[in-house]
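Data first, discussion second: the structure below is written as structure tokens.
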Amino acid sequence: METSKRDTEDNQSSSTNSDSSGTNNEISNHSRKLQCTIQFSYGVGHVLNDLTASMWFSYLLVFLHQVNNFNNMLAGNLMLIGQVSDALFTPFIGFESDRTSGFWKLGRRKSWHLLGTICVMASFPFLFSECITCSHAPNIAQFVYYAPFVVIFQFGWAATQISHLSFSSDITPCAHERVSLQSIRNVFTILANLSIYGIFLLLFYLEGGHGVNDDLSQQDAPKFQHLSLISIGIGVITNIIFHLGTKEKVTNLENQTNSNPNESSIEKSAVIHSKMNWKDWLKQKQFYQIALLYMATRLYINVSQVYFPMYVTEPLQLTKSSIALLPLVSYVSSFVMSMVSPYLNRYLGRKPSFVLAAVIGLGSCTWMYFIEKKSDQVYAAACLLGLAGSLLLITSLSMTSDLIANNTESGAFVFGAMSFTDKLANGVAVLLIQYFHPCEGCCPACEPYYRNVQVFVPGGALVIALIALGSLIPQTIGLRGHTVVQVMESPVGTHEEAGFEQCSCGQFYLPPNSCSACGFMPGYNTQDLARTVDDSDDDYYAQERKPLLTRANINTPTRDLKVL
């Protein structure tokens, strides 16, 4: 009898492994079936955000300082309002995006994407236009005028960003496919930035300079307004392509669980992953490690982008057209790196790729510290800046997708939380930089100040990112630090309707017949639901770390335990 039971258990184990292998094959097949048109449509879905973000980070402070004549603190506070608003909106949008089902027959991700698009369209052009009826009013009055538009814009931007990022995890379960999607997304991000700088450079040549020198002035305001309107026009077209070219698949796990009454709970568990909500994520150590790494990455990219025009015009004393030309050079190199980064991530791995990007970024910061006035070396340093930023961003986003793994039901919350740290850190950094500015306008002390800002703040962010990466080296990203047990609806109810009962071994039988697996007739209730928490064997799994256990299903006489 014992030999028979062992044979039965071996057969069940073999069946489970076969199902798991079949699941992996399905994932692989799914990734191969992801069409190029879908990848292209997904890639252009963030172009509106990329265009507006490029203007926001590259030209907002320049516009407020040199066109609207805002002082340092007012300009910094206006950007802080935007960054803090974005930081507060992102986790809320992520949480709501996970729990809502969408509207207008759209999926949950595309619904929030559409709402964000509308908000960005309605608010962004006002940010780079002179105050309507109050262009000659005091700066504080103009500050009050711009602030509501900043909040609306940041809400829309956050809604579009979080929904688009989380959609990449929903559209494919394959890790390599997700990296490819992030690379395609980053390619269009770079193209959007190149478009901004190229169009701005073209506007300078077409509209000409109205001032007596190469300094920006209030007479250059129409250039900023025209650039913002062109950005909105291009972005709306690409977002329409995104909505028409992609379909959001809604998966009902409950229906999947009860779809086949002949499957055992072990077979069902091979294709169903443990659900995680926002509370579960807050218990994961890797959640905070990836958040720190992502925050530092974004801090490096955004601060470099915000103060690069200041670095070009103040310490290097280049012409005003260079604030469009040099970022253009930087993003050309970013475009090249976006083509290479998927291969680096595949053959080197996430962590070595990130280290390589950080080394390039630190080299760029060091070089910028020694560049003299009107030196052409800045073009080479700008290239390194673009290479590092592109690889850092793609790799950190891919790490976030690895962290989410199959838990796409709460993926928007994860991306929202990552963005929360990013926006808050950037807002505080800009405010502090503006607060410690040596003067109200421009003075000789501005030159070394902007040089130090462009070098030490991004460089310090990279050091923080490397520390966060160092804490992840002994870990496998996506392997949970706690045993998470899914509450699964027992399939007993479905079988009972057909007259079946469940044996202690997990098999179903039709009375008065005995169990076909073990021949034993159980005498206890089997309708209990799964336990929600089980930590009795955490130490064992932490030591063993067997891959098969990450999707195992433990059958007890009365419960199904799903271990993640």
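The backbone N, Cα and C atoms fix where each Cβ goes, and this holds for glycine too.
TrEMBL does not curate its annotations; it predicts them automatically.
Note that this is a predicted model, so its numbers are computed, not measured.
Summarising the annotation, TrEMBL assigns region 'Disordered' to 1-28.
Here TrEMBL flags 11-25 as compositional bias 'Low complexity'.
Here the transmembrane segment (111-128) has Cβ contacts under 8 Å with residues 45, 48-49, 52, 55-56, 59-60, 63, 93, 96-97, 100, 102-104, 146, 149-150, 152-153, 155-164, 167, 224-225, 227-229, 231-232, 235-236, 239, 242-243 of the same chain, all six or more residues outside its ends. The transmembrane segment feature in TrEMBL is assigned to 111-128 (among others).
Taken from TrEMBL, the feature transmembrane segment covers 140-159 (among others).
Sequence-remote contacts of a segment are chain residues at least 6 beyond its ends whose Cβ falls under 8 Å from one of its Cβ atoms, and for the transmembrane segment (187-206) they are 43-44, 46-47, 50-51, 54-55, 58-59, 223, 226-227, 230-231, 234, 238, 320-321, 323-325, 327-328, 331-332, 334-335, 338-339, 390. Summarising the annotation, TrEMBL assigns transmembrane segment to 187-206 (among others).
Marked as transmembrane segment by TrEMBL: 226-245 (among others).
According to TrEMBL, the feature transmembrane segment maps to 286-303 (among others). Only residues 6 or more beyond the boundaries of the transmembrane segment (286-303), in the same chain, are considered here, and those with a CB under 8 A from a CB of the stretch are 57, 354, 361, 388-389, 392-393, 396-397, 399-400, 403, 414, 417-418, 421-422, 425-426, 429-430, 433, 453, 457-458, 461-462, 464-465, 468-469, 471-472, 475, 477-478, 481.
Sequence-remote contacts of a segment are chain residues at least 6 beyond its ends whose Cβ falls under 8 Å from one of its Cβ atoms, and for the transmembrane segment (323-341) they are 58-59, 62, 183, 186-187, 190-191, 193-194, 197-198, 200-201, 204, 305, 308-309, 312-313, 353, 378-379, 382-387, 389-391, 394-395. Residues or ranges marked as transmembrane segment in TrEMBL: 323-341 (among others).
The transmembrane segment annotation in TrEMBL covers 353-371 (among others).
Positions annotated as transmembrane segment by TrEMBL: 377-400 (among others).
Among residues of the same chain six or more beyond the transmembrane segment (455-473), those with a C-beta under 8 A of the stretch's C-beta atoms are 286, 289-290, 292-293, 296-297, 299-300, 303-304, 307, 351, 354-355, 358, 361-362, 365-366, 368-369, 392, 429, 433. What TrEMBL lists as transmembrane segment is 455-473 (among others).
Sequence-distant contacts of the transmembrane segment (353-371), counting only residues of its own chain at least 6 positions beyond either end whose CB sits under 8 Å from a CB of the stretch, comprise 293, 300, 311, 316, 341, 344-345, 377-378, 380-381, 384-385, 387-389, 391-392, 395-396, 399, 451, 454-456, 458-459, 462, 465-466, 469.
With a threshold of 8 Å between CB atoms, the same-chain residues lying at least 6 positions outside the transmembrane segment (377-400) that come near it are 165, 175, 178-179, 182-183, 186, 190, 290, 293-294, 297-298, 300-301, 304, 308, 312, 316, 318, 326-327, 329-338, 341-342, 344-345, 350, 353-354, 356-358, 360-361, 363-364, 367-368, 371, 414-415, 418, 465, 477.
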